[in-house]
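Trainee: Quick one: structure below, then a few questions.
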Amino acid sequence: MKWLVLLGLVSISECIVKIPLRRVKTMRKTLSEKNMLNNFLKEHAYRLSQISFRGSNLTIHPLRNTKDLVYLGNITIGTPPQEFQVVSDTGSSDLWVPSDFCAIEACSLHTRFRHLQSSTFRPTNRTFSITYGCGTVKGVVVHDTVRIGDLVSTDQPFGLSTAEHVSRCTPFDGVLGLNYPSISFWSTIPIFDKLKNEGAISEPVFAFYLSKDGQEGSVVMFGGVDHRYYKGELNWVPLIPAGNWMVHMDRIYIERNVIACSAGCKAVVDTGAAFIEGPKSQVDNMQKFIGARPRGSKYYVPCSVVNTLPSIIFRINSINYPVPGRAYILKNHRGRCYTTFKENQWSPSTEIWILGDVFLRLYFSVFDRGHDRIGLARAV
C-alpha cells in the first residue's frame, strides 16, 4: 500500500528523534547464579517495551531484549516525569506500574511511582486485580500524564499496584497493554486508544520488530510502518472477531504432516508471550515428532541436531509461516538445548494457540486497529 511506503520514507528523514538503545544485563546469568532461572522461565511469558524515535507521522521506540524472553523499553509518568521499564503487551489492555505504597518485596526491587511528587496526579476510589500467567497484581486506578517517547497522553488512567504476587525476579517494572478496550480489567480507555482518539498518531496502527539472538535494534512503532524492517509484502489477516488480537489459523504441519490444528483453530498474536503455546496433547505431539525428550518442566534435544530439525509451519490465511529449528530451540546456561513449545493452560477446552516472541522474531507484525487486522511479513 502506498501509505506504508510513504511512512517508511518519513521514518528515514531527519525529523526522527533517536533515543539511544541501552543494553540491559541478561537475566540468564543473574538468575542462574541464584538458582532461580527455572522459576523465571516457567512463570514468565512476557516481553517487550519502548523508548523513542519520532518522525512527523511515525513514532519508533527501541526495545531491549533480556535473555530472549522479554523486550524492555521506557515510558515516563507524572510531572516531572518518572521513568519506568515496561513490557509492551498485545495480550492485555491495561497499563500499570508499582506504587510507592507497595511495600512487599516484589515491588521493592523495582522503580515505584511517587505520586506525591507529581503535580498532575489524580486519584480515584477504584481498585483492580489482574491475573497473569505468573501471578496476580492488585492496586488502585489513578490518572496522570504518560509519555511514550514524544507521544503524550494527559490524564491517562492507569494502575498503581499495591500488591504484586508475582516472581520477585521479573526484570520489568510494569506492563503497557496494547490490546482492545474490551478486555480492559478496569474498563477505562487504554493509552493507545486515547492517543488515537486525540489525533496524536496519524494512523491507528502500531508494529513490532524483534531482533534475534540478543541483538540490539528491536522496536515498536506507532502511527505507521517502516518498511525497512521487513521483506516482501505484508500479508493481512482479519481478526476473529474484532476486539482481540486473535486470528484464524488453518493448520500446523511438519514435512506435509498435519500435527495440530487439523480442523482450523484460533491463534493469539501476543508480544507479551515468550514462547509458542497450544493444547497439551498437540504440543506433546510436536515434541514427539521432533524427537524432544522431557526433563523436568522442559523438553530437550541434542544441540548437535538443531540445524537438522524440520521447520514447523503455521498456515494462516492460506499463507505458510515456517519456524525453523534454530528459532524454536534455545540453549540454557548449561549449554543444553530445549524447545520453546508450551501448554496453553488458559484454554484447555478450546484449541487456541499463542504465537509469542519465538514466532514474532521471524515475522514483522503490524496491528491495525483501523481495519481490525494483523499484518505479517518476513523480518529483515
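The count begins at 1 with the first shown residue.
Cβ atoms here come from the backbone N, Cα and C positions, even for glycine.
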Trainee: From the candidates Cys261, Cys303, select the one that Swiss-Prot records as forming a disulfide bond with Cys265.
Mentor: Cys261
Trainee: If we check Cα distances from Asp89 (active site), which of the recorded positions Cys107, Cys261, Cys265, Asp270, Cys303 wins as closest?
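Mentor: Among Cys107, Cys261, Cys265, Asp270, Cys303, Asp270.
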Trainee: Can you give the mean pLDDT for the domain 'Peptidase A1' (71-377), rounded to a whole number?
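Mentor: Averaged over the domain 'Peptidase A1' (71-377), the predicted model reaches a pLDDT of 91.
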Trainee: Cα of Cys261 (disulfide bond) to Cα of Cys303 (disulfide bond): how many Å, rounded?
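Mentor: Taking the Cα atoms only, Cys261 (disulfide bond) lies 28 Å from Cys303 (disulfide bond).
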Trainee: Return the member of Cys265, Asp270, Cys303, Cys337 nearest to Cys102 (disulfide bond) in space, with distance defined Cα to Cα and candidates limited to these recorded positions.
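Mentor: Answer for the nearest of the recorded positions: Asp270.
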